Amino acid sequence: MCGRTACTLAPDDVRKACTYRDKQGGRKWPNWRDGDSDKYQPSYNKSPQSNSPVLLSLKHFQKDADSSERVLAAMRWGLIPSWFNEPDPSKMQYKTNNCRSDTMTEKALYKASLFKGKRCVVLADGFYEWQRQNSEKQPYYIYFPQIKAEKSPAEQDITDWNGQRLLTMAGLFDCWEPPNGGETLYSYTVITVDSSKTMNWIHDRMPAILDGDEAVRKWLDFGEVPTKDALKLIHPIENITYHPVSTVVNNSRNNTPECMAAIILTQKKGPALSASSKKMLDWLQNKSPKKEESHSIQSPKLSQFGAPPKKTSAGLMQQWLKKEDGEPSPKRAKK
């Protein structure tokens, strides 16, 4: 599951971190939807019902746009379906911050968004997950490995981004019109899958992470990539890393660098951190997220540890994909 994230980049840096190639091969930065850059507030500790930066096809807002063009929007975390008829979205009785991949083709909460092509990419520095240890829970911060490609000045492009690589999580969104009138609310849910071997010792679920711009392109381009093909992108990945963090992150009101700073666990809980992790801790203690300030957080790559449990089954989504591809569904053995 995914119930807490960090997104600390200033709005303009979010744009730069989302650089992509258009159909002509040129590199571009997506623009923010009008007014949305002001709705997004950088934070070390984002929880459901807050606004997060979301990447989606521009065609959702401009019908004459190409579906491959991208735009940034600030959306509420926790999907409110268009058919919800209460005047207050906080009255929503279901938790919709996460959407299980194995049931989203069946559940009324999500299948309309899925089959109408309302696919989005939720952006974050990383997310937090809690590993249960007897009666206690140890939080971990999980993110993409930060590997910088060295380029000569001649190879540099104005659109090149040299900061951290943002985590790109597959999501679904919807737009809700208040029954008594008012501003349209855009909201999203993060799709989750069975955890990969890299992190299933921490938790048995993880976000569906899109690793690389080609995966992001296919997920966003609903005009060119049909649902059944897009769903093939929804699976666990191993290309992530993590480190333990302080329990200060447990309280969503805490919004300080300490939330995502690496800590040293006792030998019973895990290995000591490397010198680079300690350096990161010192760096974070002198930083705070500011909208007017451009900065990035360099995260250390740590070794994985802990014995992973067995994976669970893929579920209904894989059965649906096989049916769409003309493959026979597996029959249950007779008892």
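Every residue gets a Cβ built from N, Cα and C, even glycine.
Remember, it's a predicted structure, so these values are computed and weren't measured experimentally.
The active site, nucleophile annotation in Swiss-Prot covers Cys2 and rests on similarity to another entry. According to Swiss-Prot, the feature active site maps to Glu129. Summarising the annotation, Swiss-Prot assigns compositional bias 'Basic and acidic residues' to 24-39, 321-335. Here Swiss-Prot flags 40-51 as compositional bias 'Polar residues'. Annotated thiazolidine linkage to a ring-opened DNA abasic site per Swiss-Prot: Cys2, in sequence order. Residues or ranges marked as site 'Required for sensing abasic sites' in Swiss-Prot: Glu129. The annotation site 'Required to stabilize abasic sites' is assigned in Swiss-Prot to His203.
Of the recorded residues, His203 (site 'Required to stabilize abasic sites') and the residue listed as 'active site' place their C-alpha atoms 7 Å from one another.
In the shown protein chains, 23 other C-beta atoms lie within 10 A of the C-beta of Glu129 (active site).
Within 10 Å of the Cβ of the residue listed as 'active site, nucleophile' there are 27 other Cβ atoms, across all protein chains.
Helix, strand and coil counts under DSSP for the compositional bias 'Polar residues' (40-51) come to 0 helix, 5 strand, 7 coil. All protein chains shown were included, and the count of other CB atoms within 10 Å of the CB of His203 (site 'Required to stabilize abasic sites') stands at 17.
Under the DSSP three-state reduction, His203 (site 'Required to stabilize abasic sites') is assigned to coil, being neither helix nor strand. In the three-state DSSP reading, Glu129 (active site) counts as strand. Helix, strand and coil counts under DSSP for the compositional bias 'Basic and acidic residues' (24-39) come to 4 helix, 4 strand, 8 coil.
For Glu129 (active site) paired with the residue listed as 'active site, nucleophile', the C-alpha to C-alpha distance reads 7 Å. Cys2 (active site, nucleophile) falls outside any helix or strand according to DSSP and counts as coil.
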